[in-house]
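These notes are about the structure you will find just below.
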Amino acid sequence: MEVSSIGSFQEHIDKTTDIVTLHPLLRNPIMPQPRGIYLITPDETDTARLIAHTAPLLNGIVWLQYRNKLANTALRTEQAQALLALCRPTGIPLLINDDLELAQTIGADGVHLGMHDSNASIARAQLGPHAIIGVSCYNQIERAKQAIKAGASYVGFGAFYPSHTKTTPYRATPELLRQTTHLGVPRVAIGGLTPKNIAPIIEAGAELLAVISGIYSAKNPITALKAYQSQFNI
């Protein structure tokens with residue numbers, strides 16, 4: 001995997017004049033909904049390598065989610081803290097996958113909850129009114145409605161295509177996105193997304209595309225990220 005130098009990323013940080021502790025989206029509810037790439041980290045056990053691979057990508061994403069199903073508690077804490085330190089100067093929100101306690105401990109910007117995790121109301125109570133709370137809703141519109149009612153900031157649908165990262169029996173379709181335009185929160189599409197197959201999903205209304213291996217496992221992750229962005233016209 002080719003990873004560009006983090007020099008350009010550091011230059012971006014150096015030019016940042018307003019260092020925020022909370023993403024503007026969280027402080028200003030009248031701002032437009034986020035639209036673009038929602039990057040999710042891979043199961044990387046080397047923290048330095050994780051940071052080196054992630055840093056050059058931050059300029060092109062909307063949100064970052066820390067997800068590592070192989071790490072123990074100590075490593076997860078170490079990596080989450082390192083990613084938070086990386087994200088804060090840029091204003092990119094960091095969410096934690098499936099670990100409400102870790103999100104609260106490090107002061108992350110939010111949490112993403114799956115099928116068997118704490119519900120959105122518990123997460124909202126623990127993380128506060130400004131946290132970004134996402135819920136996996138698979139292909140279930142009613143689950144999405146209940147999640148939003150419980151306090152979810154966004155809902156995730158998928159898998160849209162077969163995925164090697166996370167297998168699931170659920171299949172979502174562009175029609176599902178067209179049926180959920182009324183939900184009033186960002187909808188995240190996930191599952192086997194590539195620059196060649198995302199056009200129908202974007203056209204159907206997905207505000208965010210969640211990607212892991214399509215970017216991190218690419219020969220050139222920055223080039224891959226730009227390919228996704230080009231489909232979003234951003």
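Every residue gets a Cβ built from N, Cα and C, even glycine.
These come from Swiss-Prot:
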BINDING   Gln65, Tyr66, Arg67, Asn68, Lys69, Asn97, Ser136, Lys166  4-amino-2-methyl-5-(diphosphooxymethyl)pyrimidine binding site
BINDING   Asp98, Asp117  Mg(2+) binding site
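Locations of recorded Swiss-Prot features on the structure.
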residue: Gln65; record: 4-amino-2-methyl-5-(diphosphooxymethyl)pyrimidine binding site; DSSP class: strand
residue: Asn97; record: 4-amino-2-methyl-5-(diphosphooxymethyl)pyrimidine binding site; DSSP class: strand
residue: Asp117; record: Mg(2+) binding site; DSSP class: coil
residue: Ser136; record: 4-amino-2-methyl-5-(diphosphooxymethyl)pyrimidine binding site; DSSP class: strand
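Ranking the binding-site residues Arg67, Lys69 by how many other Cβ atoms lie within 10 angstroms of each Cβ puts Lys69 at the bottom. Taking CA atoms as the reference points, Asn68 (4-amino-2-methyl-5-(diphosphooxymethyl)pyrimidine binding site) and Asp117 (Mg(2+) binding site) are 15 Å apart. Distance between Cα atoms for Ser136 (4-amino-2-methyl-5-(diphosphooxymethyl)pyrimidine binding site) and Asp98 (Mg(2+) binding site): 10 Å, as a whole number. Counting only same-chain residues at least 6 apart in sequence, those with a Cβ under 8 Å from the Cβ of Tyr66 (4-amino-2-methyl-5-(diphosphooxymethyl)pyrimidine binding site) are Thr41, Arg76, Gln79, Ala80, Leu83, Leu94, Leu95, Ile96, Asn97, Ala108. Taking a C-beta cut-off of under 8 angstroms and a sequence separation of 6 or more, Asp98 (Mg(2+) binding site) has the following same-chain neighbours: Arg67, Val111, His112, Leu113, Gly114, Asp117. Least crowded of the binding-site residues (Gln65, Asn68, Ser136), judged by neighbouring Cβ atoms within 10 Å of its own Cβ: Asn68.
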